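Peer 1: Can you keep this structure in mind? I'll have questions shortly.
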Amino acid sequence: MADDEEEIIQKVEVKPDEFNGLIGSIAGNLIRDKVGGAGGDILGGLASNFFGGGGGGGGGGGGGGFGGGNGGFGGGSNYDQGGNGNSGDQQKRKRDMAKDLIGGIFDNVVNRKGKKEQDNYGGGGNYGGGGGNQGGGGGGGFNFNDIGGLINSMGGGGGGGQRQGGGGGGFGDILGGIGSLIGGGGGGQYNGGGGNVNPNNLNGGMVNVIGNLIGEAAHRFLGVDPGTGRIIGAVAGNVIMGLGGKDNSLGNIGKVILDNIISGKFRRDVDPFVRPGPDPDRGGGGSGPSPISPRPTTEPQDFYELRDQCLESKRLFEDPQFLANDSSLFFSKRPPKRVEWLRPGEITREPQLITEGHSRFDVIQGELGDCWLLAAAANLTLKDELFYRVVPPDQSFTENYAGIFHFQFWQYGKWVDVVIDDRLPTSNGELLYMHSASNNEFWSALLEKAYAKLFGSYEALKGGTTSEALEDMTGGLTEFIDLKNPPRNLMQMMMRGFEMGSLFGCSIEADPNVWEAKMSNGLVKGHAYSITGCRIVDGPNGQTCILRIRNPWGNEQEWNGPWSDNSREWRSVPDSVKQDMGLKFDHDGEFWMSFDDFMRNFEKMEICNLGPDVMDEVYQMTGVKAAGMVWAANTHDGAWVRNQTAGGCRNYINTFANNPQFRVQLTDSDPDDDDELCTVIFAVLQKYRRNLKQDGLDNVPIGFAVYDAGNNRGRLSKQFFAANKSAMRSAAFINLREMTGRFRVPPGNYVVVPSTFEPNEEAEFMLRVYTNGFIESEEL
C-alpha cells in the first residue's frame with residue numbers, strides 16, 4: 001500500500017423486503033386512508049455508518065428542472081372558430097351529441113354519409129375541413145387575435161393520410177421567445193467547491209415555463225384538436241366495444257406531446273418489450289438459472305398493430321404474454337383474497353385514463369408491498385414532460401379504445417414499450433393493488449400492471465427502492481443524501497441540480513410508534529415530499545435561499561413556519577417578484593421554507609439526475625431547451641463471470657485484478673469554480689435480478705473502486721492494487737440494484753473497477769459515469 005494502513009472493504013446485506021429506499025420507506029404515507037408497504041429504509045442506518053454524506057465517499061446531488069424564463073407570451077384571447085368538417089351532418093351533431101365522434105367514423109356505427117372504408121375514418125375536426133383515411137383530418141381553420149402581440153395569424157388547411165395523418169394550417173409570424181434561463185455554479189464535497197452561482201432569477205421545477213409558453217398558441221397542431229386534446233379522426237372505440245369511458249384531461253404539455261406523436265413530428269427511440277428468461281447455454285439447464293444475459297422468451301408486441309387489429313375485428317385485447325390468472329400475480333405466495341380480473345368499464349361507469357385536478361397526485365398503494373413504486377409514480381406526476389414519456393397520451397377509454405394500453409420504461413440503457421390489456425386484479429369489485437384516489441382514474445393501476453409485466457409478476461414488485469423505480473421511469477441516475485451529515489456547499493449543489501433538470505425528494509424519519517406523526521410546524525414525519533423549486537429573495541434579514549416543497553397529498557397540511565403561506569416574511573418581497581414566482585397561497589400542499597429551516601427539519605434527500613439524452617428529448621418534445629449545462633454521461637456494459645471476470649472486491653487481492661476495468665479521462669474542472677476540481681458520479685447497476693427473483697436469484701452485494709492511474713493507459717495489475725489505495729470508492733458493498741457515489745477530484749486519468757463483494761458471484765452490470773465537463777472512457 002501507499003501507506004501503512006490496509007484498505008478493507010465492508011459488505012452489507014439487507015433483506016429484500018427492506019428495500020424501500022429513502023422515500024420508498026415512507027411512500028405509503030402518500031395514502032390518505034390506507035397503510036401499505038413493508039418498512040425499513042435501508043440507507044437510513046447505513047448512511048451514518050458507511051456513507052458519511054452520500055453514496056461512495058460523500059457528495060451532493062443534482063436537482064430538478066429548468067430555471068424560470070423571463071420572456072413569454074402575453075395575454076391572448078378572442079379566437080374565432082373556423083368551419084367544421086364536411087364529413088358529417090351538422091344538424092345531427094347538434095341533435096345527438098352522443099354521436100359526436102371527432103369527425104367521420106364508422107358509417108355503420110353512427111349512420112353518417114360516405115364510404116365506410118375510407119372517407120368516414122378521417123373527416124374534419126372541430127376547427128377545420130378534412131378528408132383522408134383512418135385518422136386523417138383537417139386542422140387549422142381558426143384565427144387567434146392578439147395573443148400577447150406575438151402571433152399574427154394561423155392558417156387553415158386540409159389533410160389526410162393513413163392512420164396518423166392529419167391536416168392543419170399553420171401559424172404565421174410567431175415571434176417572441178422564452179427568455180434567458182438561469183446560470184449556476186458548482187458544488188460538491190471534496191475540499192468544497194461551488195460558488196459563483198447567479199441566484200437572482202433561480203426558479204425551480206423542470207420546465208415550469210413550458211405550460212405558459214407553449215400550449216395552444218405556440219404549437220402548430222396537426223393531429224390533435226388543441227381545444228379538446230382529442231385525436232383528429234380517431235375511431236370511437238368505446239362505442240364499438242361498449243366498455244369505454246371519458247376522454248383524457250390533458251394540459252398544454254400533454255396536448256403538445258400527443259400531437260407530436262400523432263402527427264409524426266417526434267418519434268421516440270423505443271423498442272418493443274421482450275420478456276427475458278434464463279439462458280440454458282449459460283447454466284439455465286441442469287445447473288439452475290443463469291443471471292447472465294437472459295434470452296428473450298416472448299415475441300415483440302407492437303401496440304399500434306395490435307390495437308388496429310382489435311378495432312378491425314371489434315374485439316377487446318387479451319394479452320397472451322401476461323395472462324389474467326395466478327401466473328401474473330405471484331410465483332411463491334398466493335394473495336389472501338379471491339381475485340377477479342375486471343376491465344375498468346366493468347368497475348366503474350365512466351373510466352378515464354388521466355383526469356385533471358389533484359386526484360392525479362393522490363396515488364394509493366393497495367395491498368402489494370411496492371410503496372417504492374408508488375412514491376416514484378407520485379413524483380413523476382409533478383412533471384408532465386416526464387409523466388407523458390412513461391404514460392403515452394395517445395391512448396384513452398374513448399378514441400381507439402380496444403382494451404389495450406402501453407407504457408414505456410427505461411431498461412438498462414434503452415427504452416422499451418410494454419403492452420398490456422386492461423384487465424386488472426380486483427376483490428369485491430375494487431382494485432386490489434395501486435390505484436388513484438379517484439375511482440374512475442386508471443393510469444396508476446395500469447402503470448403498475450405494465451411494470452409487473454416488465455419484471456414477470458406482481459409479486460416480483462415486492463421490495464425495492466424509490467430510486468430504482470425513478471430510474472426506470474426517467475432513465476436518470478439517483479443519489480441519496482444524508483442531511484444529518486450533508487456534503488459541503490449543498491445549497492449550491494441543489495441550485496446547480498435544478499438548473500440541470502434533476503428531481504428532488506425529501507423526508508423526515510418516521511416515528512415507529514406514531515403513524516405519520518404531524519408535527520406542530522405542520523410537517524409530517526415519515527412522509528414523502530418533493531422539492532420543486534429554489535429561489536433567492538430579499539427577506540427581512542437580507543438575501544435568503546428559499547425552497548418550494550410539495551406535499552403530494554395536495555391538501556392544507558403544510559409548513560406553518562417562516563416563509564409559509566401568508567407569513568410576514570413575504571412582506572419584504574416586491575409584488576413583481578411574487579408575480580414572477582407564480583406565488584399563490586392556497587391549501588394545495590405546496591409551500592415555501594428557508595434553506596436553513598429545511599436543513600433543520602428534513603433528514604434525507606433523494607436526487608434523480610437526468611442525463612443529456614433525457615434533456616434532449618424534452619427539448620424535442622416541447623421546443624424548450626435548457627440554457628445551462630447538462631450532465632455529460634458515458635455508459636458501459638459488462639459482466640462478472642465465474643472463474644473469469646468475477647474477482648471479488650479489493651479484500652481478495654489475488655483475484656481483484658480479474659474484474660472488468662474501465663479507464664475514465666476527466667479533462668475539465670467544474671465551470672465557475674476556483675478550486676480546479678471536477679464533479680463526477682459513478683454508478684454500478686446489476687441487471688435482470690428482479691426478473692430472476694422467481695428463480696431464487698436476488699441482488700448480490702456490489703460496489704466499485706476508482707484508482708488514479710497516472711500515465712498508465714492499460715489494465716492495472718495485482719501489484720498496482722497491492723501498492724496503491726483507491727482514490728474513490730463506494731463506502732460499502734450492498735445488495736442493492738445500483739450503487740452510486742459522487743466525488744469532486746482533480747482532472748486526470750482514472751480506472752474504475754466495478755465488482756461483487758465475493759469472488760465468482762455472477763451478474764451482468766452497467767457502469768454509468770456523469771460529469772460536468774468533457775469525459776472520455778473505454779473498457780480496458
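Any Cβ shown, glycine's included, is placed from N, Cα and C.
Owing to the predicted nature of the structure, the values given are computational and were not obtained by experimental measurement.
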Peer 1: Ranges 109-140, 269-300: which does Swiss-Prot label region 'Disordered'?
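Peer 2: It is 269-300 that Swiss-Prot annotates as region 'Disordered'.
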Peer 1: Over the span of the domain 'Calpain catalytic' (316-611), how high is the average pLDDT in this prediction?
Peer 2: 84
Peer 1: About how far apart, in whole Å, are the alpha carbons (Cα) of N551 (active site) and H527 (active site)?
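Peer 2: Rounded to the nearest whole number, the Cα-Cα distance is 8 Å.
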Peer 1: Under DSSP, is H527 (active site) part of a helix or a strand, or is it coil?
Peer 2: coil
Peer 1: Give me the Cα-Cα distance between C371 (active site) and H527 (active site), rounded to a whole Å.
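Peer 2: If we compare the Cα positions of C371 (active site) and H527 (active site), the gap is 12 Å.
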Peer 1: 10 Å Cβ neighbour count around N551 (active site)?
Peer 2: 24
